[in-house]
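Engineer: Per TrEMBL, the feature domain 'Peptidase M12A' maps to 21-219. Annotation source TrEMBL lists Zn(2+) binding site at His119, His123, His129. For Glu120, the entry in TrEMBL reads active site.
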Amino acid sequence: MSRFRGHTFREGDIASFGVRSAISCANQNCLWTKSVDGFVYVPYTISPLYDNMDRITIEIGMLDISSATCVKFVPRTHQADFVDIQPRFGCWSFLGRVGGPQPLSLQTPACMWSGVASHELMHALGFVHEQSRSDRDRYVTILWENIIEGQKHNFKKYETNNLNTVYDYDSVMHYGRYAFSEDGLPTIIPKPDPNIPIGQRDGPSQLDIHKINLLYNCGA
């Protein structure tokens, strides 16, 4: 766990105000509330510091989630709890709904990919990284010796609610092969096939979408 400008960070890009577990979100009443019409409305604001192309990129990241789930990102009007998207340092988000204005950082230009926006928005919906799953050792090997000293905590695994889904190498929430590499060598190797691609940031996978629908009980 690391600290930066008053926030505690785990797994590189999950912020918290203290030591709240970043894994048991679903059991901590930190999901966004479903409306009586069956949709989950997540209010947001986007900093005026972004230009039009940045806004479009962020909105595509939202649309890639909302077009296939019951989660709808809506511009904030009067809501007390909302996601405040800002070009701070780095790409990061709080986990789930934390109450009040919760910053979500998408630095320009480094974070200006729609898939990166979707990744951080999924954190805000309550999802952690795929390789943090409790069953991850069956699917990937962590090469601890190649990880930057002081960053090994980002590769911890946790007792997670996997929603009865299979491990998703294609998840937009999966670390890349060289995440936190000290020497340019891989830090994560898929198994049994080491050549399986991981770490894509094109957008949510089909299974990512399925998990959002499961977690938020979409369609029920």
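The backbone N, Cα and C atoms fix where each Cβ goes, glycine too.
Since we're looking at a predicted model, the values are computed, not measured.
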Engineer: For His129 (Zn(2+) binding site), list the number of other Cβ atoms lying within 10 Å of its Cβ atom.
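Structural biologist: Counting Cβ neighbours of His129 (Zn(2+) binding site) within 10 Å gives 26.
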Engineer: Quick check on the binding-site residues: of His119, His123, whose CB has the lowest count of neighbouring CB atoms inside 10 Å?
Structural biologist: His123
Engineer: Counting every protein chain present, what is the number of Cβ atoms, excluding its own, within 10 Å of the Cβ of Glu120 (active site)?
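Structural biologist: Excluding its own Cβ, Glu120 (active site) sees 25 Cβ atoms within 10 Å.
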Engineer: I want to verify one value. Collapsing DSSP to three states, which class is His129 (Zn(2+) binding site)?
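Structural biologist: The three-state answer is coil.
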Engineer: For Glu120 (active site) and His129 (Zn(2+) binding site), determine the Cα separation and express it in whole Å.
Structural biologist: 10
